[in-house]
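Participant: Positions annotated as transmembrane segment by TrEMBL: 6-33, 45-63, 75-97, 118-141, 196-214, 251-270, 276-295, 316-334, 354-385, 434-454.
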Amino acid sequence: MIVLYSLLIICYFLNLFIHSTFLTYIIGILALFSLIFSLKAATRLYKVVGIIFFVTGFFIFIYQQRSFTEVPLYMTTTVSLLAVFYVLPFINSIIIVGRYDQQVNKLLRVRIHHLGQLYYRSSFSAFLLGGFLNIATLPLLKTVVQKNLVGETQNIKNRFISQSLLRGYSLSLLISPMELLVVLSVEYTHVPYPVYLPWLILITAVLFILNWVIGFKSFKRYELPNETSDSKTETQSTTETGINTRMSRKIFSLLLYLIGFMMIIVLVNHILDMGFLQTVALIIIPFSFVWALSIRRLKSYIAYCLPLWQIRTLSLTNNMVLFLSVGFFTSNLNDSIFMDSIQKPFEYLTTTPILLFVFIQILFIGLAMIGFHPLVTISILGGVLEPIIHSINPVSIGLVLMTSGLSTTIAGPFNLSVSLTANLLSINSYKVSFWNLGYALIMSSIGTIIAIILL
């Protein structure tokens, strides 16, 4: 599988520069083989969903009376998404090797007296690590946070972890140039990422303040047991005011690397003009190696990264099945007579943009509740909205797509982040979803409000 997946991604990267029709066809064939061979190893849910999308797309393909030799050409739509999944372990690894996670975790142990204080520390830690470690942030921080919750009831522990970590994590994704929902929104609206960034920072800041206020008021009445104050004595020699100098430098450098990463992506995308998603996928590996070299940990980085990359690549089977089948379906749908009928309701809603924005909000949350992945939803919406995207401000549509899509990361019971949190806490994923549904609606609604202001 590693060889097949690697061939697919390497050919894709190569074709970004040579633009060969022949190589595009080869990529389509490799994608088709990747889908077929991944089916056996995929979990049942992904297998069923993948087959449904592929079969539906194939019926559209046959209905349009296309030649079977054209099948590979309709398999390449979502390879760019898979390329990002393929390279993510390289930047995930640098956070561990650089020990940034350890320094961020110390934030949770310094001068904490009640759960209200621990709440915003936990959310901030999830925010700092989420953009780089992605989903691996949740199990990492859950273990640390749980140590500070000794003596609390199980229900309080579960609600605290579900709300503080998931909300902080979701906000890190909102401004991350590696988050696929953000990247796809940029691609579909044809608006540069720097145009979105100030608005995303504003939305993130507002949501952060709301999250901290809500969390502080909800949990401040729960005093931490005396045992947790041991963490204060452990760091007493270096924590006169709570956070030692080394910790501050490490966190500051992490933020600098994140800003540098964003700037390099914007610059390279401007020079090469190959698409934001493609630029992100291309930049991750060289940026990660330069980062490791700059902190003098290149050898340990390579030793840690390569095994992790192999494990993650082998685990791409579910993503291969889902996104290749969805790509085949959406590319056929976009190139069919059915698209006109699907677009008509959206064309009607463009006359009243607020209805369109609210509809997109409800669509993301509603479909997430029954198991639709937000990347599937946005992939379908991308084709549907394409002809009408410029009839209203595309920045407004992009912000609604981003905030509505990412709201499912804290409230979609079948979403990976929610289901993983539920699994870590040994509770029902709908319970985690229920605890965060109100905040998810606030998140998407703030995006909608900003979008309306920008009209």
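From the backbone N, Cα and C atoms, a Cβ is placed for every residue, glycine too.
Could you place these features in context, so I can see how deep they sit and what lies close by?
Facilitator: Using a Cβ-Cβ cut-off under 8 Å and counting only residues 6 or more beyond its ends in the same chain, the transmembrane segment (45-63) has close neighbours at 35, 39, 70-71, 74, 317-318, 321-322, 324-326, 328-333, 336, 338, 371, 376.
Sequence-remote contacts of a segment are chain residues at least 6 beyond its ends whose Cβ falls under 8 Å from one of its Cβ atoms, and for the transmembrane segment (118-141) they are 88, 91-92, 94-96, 100-101, 104-105, 107-108, 112, 148, 160-161, 163-173, 175-176, 178-179, 208, 211-212, 215-216, 218-219, 224, 251, 254-255, 258, 416-417, 420-421, 424.
For the transmembrane segment (276-295), the list of distant contacts is 13, 16, 80-81, 83-84, 86-88, 90-91, 93-94, 97-98, 177-178, 180, 183-184, 186-187, 192-193, 257, 261, 264-265, 268-269, 301-302, 305: same-chain residues at least six beyond its ends, Cβ to Cβ under 8 Å.
Counting same-chain residues at least six beyond the ends of the transmembrane segment (316-334), those with a Cβ under 8 angstroms from any Cβ of the stretch are 1, 5, 31-32, 34-35, 38-39, 41-43, 46-47, 49-54, 56-58, 60-61, 64, 74-79, 81-82, 85-86, 342, 373, 375-376, 379-380, 382-383, 386.
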Participant: For the transmembrane segment (75-97), I need the partner stretch with the highest count of C-beta pairs below 8 angstroms, choosing only from 6-33, 354-385, 434-454.
Facilitator: 6-33
Participant: Mind checking which residues reach the transmembrane segment (6-33)? Cβ under 8 Å, same chain, six or more beyond either end.
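Facilitator: Here the qualifying positions are 71-76, 79-80, 82-83, 86-87, 274, 278, 281-282, 313, 324, 327.
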Participant: Apart from its near flanks, which chain residues at least 6 from the ends of the transmembrane segment (354-385) lie with a Cβ under 8 angstroms of it?
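Facilitator: For the transmembrane segment (354-385), the list is 45, 49, 53, 78, 81, 180-181, 184-185, 187-188, 322-323, 326-327, 330, 333-334, 339, 342-343, 346, 392, 396-397, 400-401, 404-409, 411-415, 433, 437, 440-441, 444-445, 448, 451-452.
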Participant: Please report, as numbers and ranges, the same-chain residues at least 6 past the borders of the transmembrane segment (196-214) whose CB is under 8 Å from any CB of it.
Facilitator: 119-120, 123, 127, 167-168, 171, 174-175, 182, 185-186, 262, 395, 398-399, 402-403, 439, 442-443, 446-447, 450, 454
